[in-house]
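Engineer: Annotations per Swiss-Prot:
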type: BINDING; residues: C70, C72, C85, C88; note: Zn(2+) 1 binding site
type: BINDING; residues: D460, D462, D464; note: Mg(2+) binding site
type: BINDING; residues: C819, C893, C900, C903; note: Zn(2+) 2 binding site
Amino acid sequence: MKALLDLFKQVQQEEVFDAIKIGLASPDKIRSWSFGEVKKPETINYRTFKPERDGLFCAKIFGPIKDYECLCGKYKRLKHRGVICEKCGVEVTLAKVRRERMGHIELASPVAHIWFLKSLPSRLGMVLDMTLRDIERVLYFEAYVVIEPGMTPLKARQIMTEEDYYNKVEEYGDEFRAEMGAEGVRELLRAINIDEQVETLRTELKNTGSEAKIKKYAKRLKVLEAFQRSGIKPEWMILEVLPVLPPELRPLVPLDGGRFATSDLNDLYRRVINRNNRLKRLLELKAPEIIVRNEKRMLQEAVDSLLDNGRRGKAMTGANKRPLKSLADMIKGKGGRFRQNLLGKRVDYSGRSVIVVGPTLKLHQCGLPKLMALELFKPFIFNKLEVMGVATTIKAAKKEVENQTPVVWDILEEVIREHPVMLNRAPTLHRLGIQAFEPVLIEGKAIQLHPLVCAAFNADFDGDQMAVHVPLSLEAQMEARTLMLASNNVLFPANGDPSIVPSQDIVLGLYYATREAVNAKGEGLSFTGVSEVIRAYENKEVELASRVNVRITEMVRNEDTSEGAPQFVPKISLYATTVGRAILSEILPHGLPFSVLNKPLKKKEISRLINTAFRKCGLRATVVFADQLMQSGFRLATRAGISICVDDMLVPPQKETIVGDAAKKVKEYDRQYMSGLVTAQERYNNVVDIWSATSEAVGKAMMEQLSTEPVIDRDGNETRQESFNSIYMMADSGARGSAVQIRQLAGMRGLMAKPDGSIIETPITANFREGLNVLQYFISTHGARKGLADTALKTANSGYLTRRLVDVTQDLVVVEDDCGTSNGVAMKALVEGGEVVEALRDRILGRVAVADVVNPETQETLYESGTLLDETAVEEIERLGIDEVRVRTPLTCETRYGLCAACYGRDLGRGSLVNVGEAVGVIAAQSIGEPGTQLTMRTFHIGGAASRAAVASSVEAKSNGIVRFTATMRYVTNAKGEQIVISRSGEALITDDIGRERERHKIPYGATLLQLDGATIKAGTQLATWDPMTRPIITEYGGTVKFENVEEGVTVAKQIDDVTGLSTLVVIDVKRRGSQASKSVRPQVKLLDANGEEVKIPGTEHAVQIGFQVGALITVKDGQQVQVGEVLARIPTEAQKTRDITGGLPRVAELFEARSPKDAGILAEVTGTTSFGKDTKGKQRLVITDLEGNQHEFLIAKEKQVLVHDAQVVNKGEMIVDGPADPHDILRLQGIEALSRYIVDEVQDVYRLQGVKINDKHIEVIVRQMLRRVQITDNGDTRFIPGEQVERSDMLDENDRMIAEGKRPASYDNVLLGITKASLSTDSFISAASFQETTRVLTEAAIMGKRDDLRGLKENVIVGRLIPAGTGLAFHKARKAKEMSDRERFDQIAAEEAFDFGTPSAPAEEPQHPAAE
């Protein structure tokens, strides 16, 4: 019977578990894991290569070296399984038990675990309430700690030096006990009564008032409560027994030449054992205390090094002077266990090769080299050979395959038919980086790739390599075919645009074929059908671009949808079109009108065309259509014979005069500068602006010349038509190149940037066609090198950003259909500077409406709440001019531990409502991270040519309507009768006749208004103008200027321009002022009226004070008369640097990391009225009196710019001091919706600048994850501590429980965490540990006895389960459901039998699967 049971033992059932718990192991636990004590430091006998007994590789402890064979060879073979050899003591079993059997070392003296000592904050320190330094002194035998003070005046845990100790012993004798080393600390830990301490701390927390104490107590309470809850004893932080890793995990490999390669751990263990044995011997010999003490200290250090080398003091080094790799180093970092072996594994059945273009493939195919396929599909071929009886054994089959007999090739064809393979191109930045294809066998050694999937893989054929992977199981093949097949992934998940858009030569071919020419051969002919056109074209009667009339048959959707009616019906109509378009109409899918093709097909048009096809005709038709477009494009491009030659680059004749005029203007500015009318900075700004404009002008002239050409029409008159110049066609079609690049070829290269981003003011007036001279070439190398340097740096940064994003969102999965919330956000079109940057339709497409969408004119409901707004809906909404729609958003979704489909809306990569199980978090992270890398790789394409927009200096209306000013707009009328704006946040709206807002423009401070409130204007009317180069300081009151604190050499400096010799007063930076006194004063102006009295602000007793900021150039003199609206000083704006995602990527990172900006603007904490209090040294005091009359004070540094004036009403959350916004303030004062709007808009700004489209919802998903913690403000009756940060879902669960039990729930504030912080503070310790700061995370988790419920994707990958997303979510759900039903059945049976046992069965509280230790 026992043998039978043993047989069962062999097959290890894989454990099913739902959670993993981590904790501290007690000494007994460690002994129970162990299979024996390691007593000797020996490893293996280097003559016999057999492990030494009781050593680190002992076979008696860890198991046999060979399968089923004991060490001495007495028992061999399977029949002795389980026997323990009496001679060598080795159990006869599998050798692989040496990978799992642990040993232990009994330490002669206890040793502190370094992680709990040194990993900050020190847990030992917290529990004992001692400082880390003191504990260290005790542990390393430098001081005594009092354990029992007895009747003496000493205190427990008091530290004393050796000298003190001996004095006290003389004084008190053995009244008290003090110890040294880990024994002492262990005694102290044992003495702690946790329950009592927790009670005391809770009462202290309630009674204490000091912030510092509250913080300290809360921290300590948290740790102690964790001990209390988890049942872990604090003294287990001190080791008495040290576990020994199984030997196969720290191997010792003999090299040839009698040397050994060994894991560093063996060295570290040897040291521990040696010191431990020496200590044992010293203790037996009753050696002097000082020697024993030294040995104990050395043992402590040896164990420290084994656990975490280098954490304390110098790292232990091996023979070759490099630090040894300890246990902690094994798991942390990129090369550690988590990231190297658990999250990224190497897989078999894979190969890689160079890719070449496969233009004859269908979209779902790839060409696989025969030899590769033969190797990859070997097992399948062996199987087939055996089944067919060609080979009798695997060995024979192997031989067949090696000889590559004809039958093998036939079988290979059969095996790979309909067996998809996966292709992957590194770096895999988004999910389209891995797609499945059906292999087609080809000769040669390169993989053939379909040209249309290149965009998704970001692949090109200049030597890129791709990897092939074979899905083996049937399920894997099915998933690859349904989810990953290239023809099922035709949209980008980032923005829902088609990813299979033709590019380069395909675009050129299609464009060339759909252009029209004036007076081409056969113009004006009429044809009865497309076939006739083709015949005429083949017989050279017409050209591709000839204008002709053709009768074209379109297949339109049948209105009659009854049974048996055809889906499409033909519709014939006569079109005026061109030959090329008529020929292309053959491939149009059913359901698309000919009008979509009846225009020149540029890249954008083709993208739109494919998009329309996808929405109207479905996936299959679109894929076929795209394939046919590609074939036609290649064919037509070949036939077109377009080429580039130097003569295509036409330099405009007016170039010289344009450049000459600019040079004259620059001279004029130089002259003005010399005579002191402008500052150096202003001169530089203006010069750069002139050259930008010149560059534009030359470019424009060049494009005008390139883009049209003169022709004679049919009537013999000369007219102009769009040019057939090759270079122009390439750029215009979007095939390659851009207007900027053509301008460098044939216009002028323009301004160049230095590596720091500032612009060199002498432009390169030559172009590449004329050639650059040496100086010009030298200037341009600057930018080119910067581009290359940037690329290298930014790729790494972008990859790290993606990694952080993935980590923070990896556990966000769609888990239910609808959470039923009624919250959402109001979406409006995004308008900047009067331009609609993003239309409303784009922002609400694919979202679910949360309130009914109502027709503004008839007030009838168009779409009920809960409708998914698709293309037709958003077009209708746009047509009716609805300007705001409330939609669901991931931010307000009420699903716990996930998202619901309705709040997320459309899955952009599939074009329909998102499926339950979709890992939307990872998709969001990829969508934001992928372009980051793309962009950073693209900085250098403009060759550093400074692409800087000329600065806006006016604003004009885009539409007809009525001007309205917002409530914040304030202006004064100056002596000339001009209206000067003195508000900083004023906006001008333009409304149509029924009062709907059409556009809105910010009007800056100091602008001159040209239109007033209520004026009716036409489109194109200027509303306001201003000087973009300087910021003025304007007075709102008239009077005589009286300077205060304007002392030369103290607060202001006389700047004498070295060129002009004229002087101006400039306010000096506070840091550069000499004396302490001058740092606190602020140069300012008061105004005196005719009687010499100070002018007061109307309605108050405060005198008008106008302060000058640092850097201001004061333009008035002391005692000068000024009028209302006059400029007192100017602040020159910084010279602008070129914008480029180089600045952009760090910006995105700092937004997602929620960093508070330096010198952040200050927001009003309450709604109320402002007034200025008494200024303190260096600060001015702003007071806001709220509606109840309470005063809130803000102290503001004097050099800051205050945006409010006296007695102004401000709203809570309004900016009162200028500066960049702090996201934490926005969340606190304006709420989640405002915060999300801020982050989304800011992130989108960066990407939009690069022309990258990302859907808002991806950014919202990330923001949701940044908001997943809350801070408890009042704990009610819950288990939380005030001030503690907890997971939102946890807190809501706990509150639900409290409400159900009729107790008081906790109240909380939202907290915004940066993505790194949010990843580390996740509930899953496995996920956090594999991200960053592994040691700290694991230490904390172990003390808390944390339990990881394996909710996210990462944790599950690490423990090797199916991830709870996609098909895995369904699997886990089914498993849980089955368990529940099994348990219910079990309970039922138990209940029926309960009366037999006479005991009612306890309900199964715990899940059946205990947490795996």
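Positions of Cβ are set from backbone N, Cα and C atoms, glycine also.
Here the structure is a predicted model, which means the values were calculated and not measured.
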Engineer: Taking only the Cα atoms, work out how far D460 (Mg(2+) binding site) lies from C903 (Zn(2+) 2 binding site), in Å, as a whole number.
Structural biologist: 38
Engineer: Between C72 (Zn(2+) 1 binding site) and C819 (Zn(2+) 2 binding site), how far is it from one CA atom to the other, in Å?
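Structural biologist: Here the two Cα atoms lie 68 Å apart.
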Engineer: Does anything in the same chain, at least 6 positions from C819 (Zn(2+) 2 binding site), have a Cβ under 8 Å from its Cβ, and if so what?
Structural biologist: C893, E894, T895, C900, A902, C903
Engineer: Report the nearest neighbour of D464 (Mg(2+) binding site) in space among the binding-site residues C70, C85, C88, comparing Cα positions.
Structural biologist: C70
Engineer: Mind checking which of C70, C88, C893, C900, C903 has the fewest other CB atoms within 10 A of its CB? They're the binding-site residues.
Structural biologist: C88
Engineer: Between C88 (Zn(2+) 1 binding site) and D462 (Mg(2+) binding site), what C-alpha distance do you get in Å?
Structural biologist: 64
Engineer: Fewest other C-beta atoms within 10 angstroms of its own C-beta: which of the binding-site residues C72, C85 fits that?
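Structural biologist: Minimum Cβ neighbour count within 10 Å, taken over the binding-site residues C72, C85, occurs at C72.
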Engineer: Could you state the CA-to-CA distance between C85 (Zn(2+) 1 binding site) and D462 (Mg(2+) binding site) to the nearest Å?
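Structural biologist: Taking the Cα atoms only, C85 (Zn(2+) 1 binding site) lies 64 Å from D462 (Mg(2+) binding site).
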Engineer: In the structure shown, which of the binding-site residues D460, D462, D464 has the fewest Cβ neighbours within 10 Å?
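Structural biologist: Comparing Cβ neighbour counts within 10 Å for the binding-site residues D460, D462, D464 gives D462.
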Engineer: Work out the three-state DSSP category of C88 (Zn(2+) 1 binding site).
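Structural biologist: The three-state answer is coil.
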Engineer: Through the lens of DSSP with three states only, how would you label C903 (Zn(2+) 2 binding site)?
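Structural biologist: Once the DSSP labels are grouped into three classes, C903 (Zn(2+) 2 binding site) ends up as helix.
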Engineer: Can you list the residues of the same chain, besides C819, C893, C900, C903, whose Cβ falls within 8 Å of the Zn(2+) 2 site's Cβ centroid?
Structural biologist: E816, D818, T821, R888, P890, T892, E894, T895, L899, A901, A902, Y904
Engineer: Around the Mg(2+) site (D460, D462, D464), what further same-chain residues have their C-beta within 8 angstroms of the site's C-beta centre?
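Structural biologist: For the Mg(2+) site, the extra neighbours are I355, A459, F461, G463.
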Engineer: Measuring Cα to Cα, how many Å separate C70 (Zn(2+) 1 binding site) from D462 (Mg(2+) binding site)?
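Structural biologist: The Cα atom of C70 (Zn(2+) 1 binding site) is 58 Å away from the Cα atom of D462 (Mg(2+) binding site).
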Engineer: Around the Zn(2+) 1 site recorded as C70, C72, C85, C88, what other same-chain residues have a C-beta within 8 angstroms of the site's C-beta center?
Structural biologist: A59, L71, G73, K74, Y75, E86, K87, G89, V90
